[in-house]
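Now, the feature entries from TrEMBL:
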- 244-266: transmembrane segment (TRANSMEM)
- 310-337: transmembrane segment (TRANSMEM)
- 343-364: transmembrane segment (TRANSMEM)
- 376-398: transmembrane segment (TRANSMEM)
- 410-437: transmembrane segment (TRANSMEM)
- 468-490: transmembrane segment (TRANSMEM)
- 502-528: transmembrane segment (TRANSMEM)
- 535-558: transmembrane segment (TRANSMEM)
- 578-604: transmembrane segment (TRANSMEM)
Amino acid sequence: MAMQCGGFLTSDCQKTMRLHCILVLSSFLGLILGYKQGDNLTLYVNKVGPYHNPQETYHYYTLPVCRPEKVHHKSLSLGEVLDGDRMAESLYHIRFRENVEKKTLCQLILSEKQVDQLREAIEELYYFEFVLDDIPIWGFVGYIEESGFLPHSHKVGLWTHLDFNIEYNGNSVIFANVSVKDVKPVPLEEGVGAAVGGVGLGGGSLTVTHTYSVHWFDSSLPHARRAERLRDYSFFPKTLEIHWLSIINSLVLVVLLLGFVIIILMRVLKNDFARYNVEEEGACDDLDQGDNGWKIIHTDVFRFPPYKSLLCAVLGVGAQFLTLATGIIVMALLGMFNVHHHGAINSAAIVLYALTSCVSGYVSGSFYTQISGQRWVWNIILTSSLFSAPLFLTWSIVNSIHWWSGSTQALPATTVLLLLGAWMLVGFPLTVIGGIVGKNRAGSFQAPCRTRNIPRQIPTQPWYKHTAVHMSIGGFLPFSAISVELYYIFATVWGREHYTLYGILLCVFAILLSVGACISVALTYFLLSGEDYRWWWRSVLSTGSTGLFIFVYSVFYYRNRSSMSGLVQTTEFFGYSLLTALVFSLMLGSVSFWASLAFIRYIYRSLKMD
């Protein structure tokens, strides 16, 4: 009997709603109090995709598989949607601590086109991902075998039976996986006409019966440590280990660089101070103009550079990403990114990016006012769009390709509107507020020396002091400090690894910033010693060129360290690799500029001492 629930609720409708509320409440209590024997566990089907293309994923039900008459999707978080998750309820009936032996899931009659679709998916090594109690379960859709040369055999088979092996401790689920051991795949060879293993082929159609079994195993691992069990599982290749060689290599490099800056450079500066401070009470404007070196350009070294607004925008966005990266690492050290929390790090990055927009506005607006900038409104607009505009352009291209291919990585319209709303209602307003506060609270530039109206002519510089050479040196050394660790980061971002060594990541991040600051100070001193006062943009570009080396490494990783291929994966990889290189350039460029500015202020203040 049909039940009308519009207007006033009927008694049947009220019972249905009460039953639904009870089921929802019981599921919620199950997460808190655990499960009882016989309680139903919902198995969600999620996505499928080529094994070697982690970012090319499609909904599981795009394949001709067993599916309910009406698909019910799970409510997902923002991070899960960004990660390409599209969880939906399955037909598998799994009850807590109740074994099942070869239960029929469904029987399908596949058309010739559907058989070809399955064959193509199996030949491209498609894997599937299920989720049970926030535990991902992976397995291959089918089986492929290549053997012999003459004669050559090419066998393709479909797995129609899955064994679910679930570990439990008390009233909680610890781990789950799927196995096809001792199961024969159903052949999907072209031209097969006989029935094999419950499969019949005739009249252009194929009849397939899907079955499954469930086996429960007791585990001694407590629920609080079940993430360790998932990390030990090896469906995907394991490459992440505790890599002390990376840390030792980076630490040695930092020690050498610090020794170079502190010992050698300070000894040179000591000799310079002894030679320059020849008068007992000499101010900057009274220095001997006949001398040479960095002393003679004291009236030009604080001359404001061209493209003030762009420079301040770079410094502001760089400071924002410094804050963002530090916040992500600290949150990871606090254990907020558990491997069972799907997409948690993506959600945190978006929220922090919006909230830290005030940092970029404040730093940019404050410094823009200090260096006598006049178009502060344009400066705020440039600051807010310096990264968001390339991000939107790249995402538009990548998302369009995902949408064209039907991938789950294509964001739904509601998610796109949510992200645009977060930027327009949170990110951009905070940038404006930060810029206004920075403009009003900005002090003077605090230059130790006065700048003359007429700039000094810069002598011809040797080839090793040109911008390209400084960019090569300033970019390569910070890159070499993180080159080993960079592989593990790429394996996490562009693979399926779970990065858990956040303490090591924090050390490497501190090493990267230290190396960038030291190299910037050294290169700035060499530039000034050649009587070249154009250090403003040079300090940003020298260490900021690390982003170029990172992008070159991404090309190397794609060609030699991964098996990724295809338009979808290639576009996403190189599109977001360019954005990653931009982030590192902005972040390290900001660090190197502030280090150079502090160094220059120090040496020119020291000229006034006895």
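Note that Cβ sites are derived from N, Cα and C of the backbone, with glycine treated the same way.
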Result, the transmembrane segment (376-398) in contact with the transmembrane segment (578-604) (3+ CB pairs under 8 Å): yes
Other parts of the chain folded back onto the transmembrane segment (343-364), taken as Cβ under 8 Å at six or more residues beyond its ends: 77-83, 85, 312-313, 315-317, 319-320, 323-324, 327-328, 331-332, 336-337, 379-380, 383-384, 419, 422-423, 426-428, 430-438
Chain residues outside the transmembrane segment (535-558) and at least six past its termini with a C-beta under 8 angstroms from it: 301, 304-305, 307, 311, 314, 467, 470-476, 478-479, 483, 486-487, 490, 494, 516, 519-520, 523-524, 527-528, 564, 570, 573-574, 577-578, 580-586, 588-593, 595-597, 600
